[in-house]
Amino acid sequence: MYASREDIGYDFGDDSKVRSKPIKPNPNIDGGWAWMIVLSSFLVHILIMGSQMALGILNMEWLEEFNQSRGLTAWVSSLSMGITLIVGPFIGLFISMCGCRTTAIIGGILNALGWILSAYAANVHYLFLTFGVTAGIGSGMVYLPAVVMVGQYFQKRRALAQGLSTTGTGFGAFLMTALLKYLCTEYGWRNAMFIQGAISLNLCVCGALMRPLSPKDLREKYVVRSDSEENQAKALSNSAETVKSNGVLGEEPEKKEEAANEEVLGSVQHTEIGGKSASGRSMYGLRLFKTVSQLTITVRKGFALWYSSYFGAASLFTNRVFVAFIIWALFAYSSFVIPFIHLPEIVKQYNLSRQDNVFPLTSIIAIVHIFGKVILGIISDLPCISTWNVFLMANFTLVTCILTLPLMQTYVGLAVVCALIGFSSGYFSLMPVVTEDLVGTKHLANAYGIIICANGISALFGPPFAGWIYDITEKYDFSFYIAGLLYMVGIIFLLLQPCIQKKQPREKSTEEAQV
């Protein structure tokens, strides 16, 4: 019924020349160091996403300390969560220029700095800058590389690897909530943030573990994937054909540019060798010029890749399925965040606080969410199962639960719906896999940066919008109904696009047969 991951593939180049060469796969693909990458990503999710899920502890401390309105104080947490995701496209530029490892290490330092500076906050507005912006940007600089590196190191077990790494969010929610609660009780919230900043420096260690694959290994991974899909539909959408015909990301321009760059650097090296009799100052100047030239070449190539992905003829936005994916992401994430924010108030309205104190509904979502990510990842990796179909079915289940939740007025009914929300929202682990299927490994960083940016916008404005609806209607029901309907619109966009993609190969094959 739906297109498989192969049907919706988005190729950026001709691999016919590469296929004829014998392949010796890197042992670290799907094994070896790849599992260290999973461990690194798992710890990143604990330290970043887990900490953000536990910000309710600090939010209560800030309310008591600064005596500001709940709405104004809540923006500190919203800014941190939103900016972490919104900066995705710009972090993609850093990754193109510096690589995942360097970007993650810088982000770890920036995140720790944001936590430490926030310990000296004099008012809420100070927290907007230090915690919301500084720590948020740092979190984004670590989070995106952690997801991208798992996608680069895995081919056969991508969904399972992403599922295992992203379970760190659920574990982190429990660990960081308990840790921050203990630190705030024993040392006060300021010292707690200072200590958390020191703990966040471990993000630099996680970044150091992100050993980059060589370009040769990435090409081998792509060729292995291409050979396994050789018998699948080879024709792509008109957007992909436009990319190939323009050849902006083709090999020839890159080769010409690399040849010119090597000529410049070669001349510098020749001057160095021929000028041994020159003064030490002259040699130092030549070495400095060589270093600056190499850095300039790296920056230019990284920026060219980033720019062409967004604005060139090979822009990601020429892929209609990917554009539909962005529209879906604008509505999807808020449907997951809103229950976390507003469930405690709903429980209070229904006089279910006693049962909720024994086993909170938000904890049910978090626990089942962990299992949902792993199980959906295992199912998606089965040869006979399409990741795209699993992704869509999970979305259908989640939107049904969002629309059903306001109708449940008993603890058991709410618990069942929350368990289904937790399990179906495990599709988050499939998002990088689906994105890579759409655009390829080479453009995963830039493409996934756009997706999490859309998620960030959804997380930033979704909960305040739900609160605004409550202020008007004095009920949370309409908040869930509106969020569910918008979510359904995004799913419909995803459903329509693959049907268009599958029609075009047939038309093309008919034309080729006539020729």
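Residue numbering: from 1, along the chain as shown.
Heads up, the Cβ atoms here are built off N, Cα and C, so glycines get one too.
The compositional bias 'Polar residues' annotation in TrEMBL covers 234-245.
Under the heading domain 'Major facilitator superfamily (MFS) profile', TrEMBL lists 37-502.
What TrEMBL lists as region 'Disordered' is 229-261.
Sequence-distant contacts of the transmembrane segment (33-55), counting only residues of its own chain at least 6 positions beyond either end whose CB sits under 8 Å from a CB of the stretch, comprise 76-77, 80-81, 84, 104, 111, 139, 142-143, 146-147, 149-150, 153-154, 161, 164-177, 179-180, 196, 199-200, 202-203, 206-207, 209-211, 340, 366. Per TrEMBL, transmembrane segment is recorded for 33-55 (among others).
Taking Cβ pairs closer than 8 Å, the transmembrane segment (75-95) reaches residues 48, 52, 55-56, 58-59, 62, 103, 106-107, 124, 127-128, 131-133, 135-137, 139-141, 143-145, 148, 302-303, 306, 309-310, 333, 337, 445-446, 448-453, 455-457, 459-460, 463-464 in its own chain, all 6 or more past its ends. For 75-95 (among others), the entry in TrEMBL reads transmembrane segment.
Among the features that TrEMBL reports, transmembrane segment is placed at 102-120 (among others).
Feature annotation from TrEMBL assigns transmembrane segment to 126-148 (among others).
Feature annotation from TrEMBL assigns transmembrane segment to 160-180 (among others).
For the transmembrane segment (192-210), same-chain residues at least 6 beyond its ends with a Cβ under 8 Å from one of its own Cβ atoms are 36-37, 39-41, 43-44, 47-48, 51, 58, 100-105, 107-109, 111-116, 118-119, 138, 142, 145-146, 149, 179-180, 183-184. Annotated transmembrane segment per TrEMBL: 192-210 (among others), in sequence order.
Residues of the same chain lying 6 or more positions beyond the ends of the transmembrane segment (321-341) and with a Cβ under 8 Å from any Cβ of it are 8, 10, 53, 81, 85, 237, 362, 365, 395, 398-399, 402, 405, 418, 421, 425, 434-435, 438-439, 447, 450-452, 454-459, 461-463, 465-466, 479-480, 483-484, 486-487, 489-491, 493-494, 496-498, 501. Per TrEMBL, transmembrane segment is recorded for 321-341 (among others).
Marked as transmembrane segment by TrEMBL: 361-379 (among others).
Per TrEMBL, transmembrane segment is recorded for 386-405 (among others).
What TrEMBL records for 411-434 (among others) is transmembrane segment. Counting same-chain residues at least six beyond the ends of the transmembrane segment (411-434), those with a Cβ under 8 angstroms from any Cβ of the stretch are 5, 147-148, 150-151, 158-159, 162-163, 165-166, 325, 336, 339, 343, 346-347, 350, 352, 355-356, 359, 361-362, 364-369, 371-377, 380, 387-388, 390-391, 394-395, 397-398, 401-402, 404-405, 444, 448, 451.
When Cβ-Cβ distances below 8 Å are used as the criterion, the transmembrane segment (446-466) is approached by residues 71, 74, 78-79, 81-92, 96, 143-144, 147-148, 151, 305-306, 309-310, 316, 322, 325-326, 329-335, 337-338, 341-342, 431-432, 435, 438-439, 476, 479-480, 483 of the same chain, each at least six residues removed from its ends. Positions annotated as transmembrane segment by TrEMBL: 446-466 (among others).
What TrEMBL lists as transmembrane segment is 478-496 (among others).
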Intrachain residues whose Cβ lies under 8 Å of the transmembrane segment (361-379), provided they are six or more past its termini: 53, 159-164, 166-167, 169-171, 173-174, 339-340, 343-344, 347, 385, 390, 394, 414-415, 418-419, 421-430
Cβ-Cβ under 8 Å with the transmembrane segment (126-148): same-chain residues at least 6 beyond its ends: 40-41, 44-45, 48-49, 52, 62, 75-76, 78-88, 91-92, 94-95, 100-101, 103-104, 106-115, 117-118, 162, 165, 203, 206-207, 210, 432, 444-445, 448-449, 452
Whole-number mean of pLDDT values that fall within the domain 'Major facilitator superfamily (MFS) profile' (37-502): 77
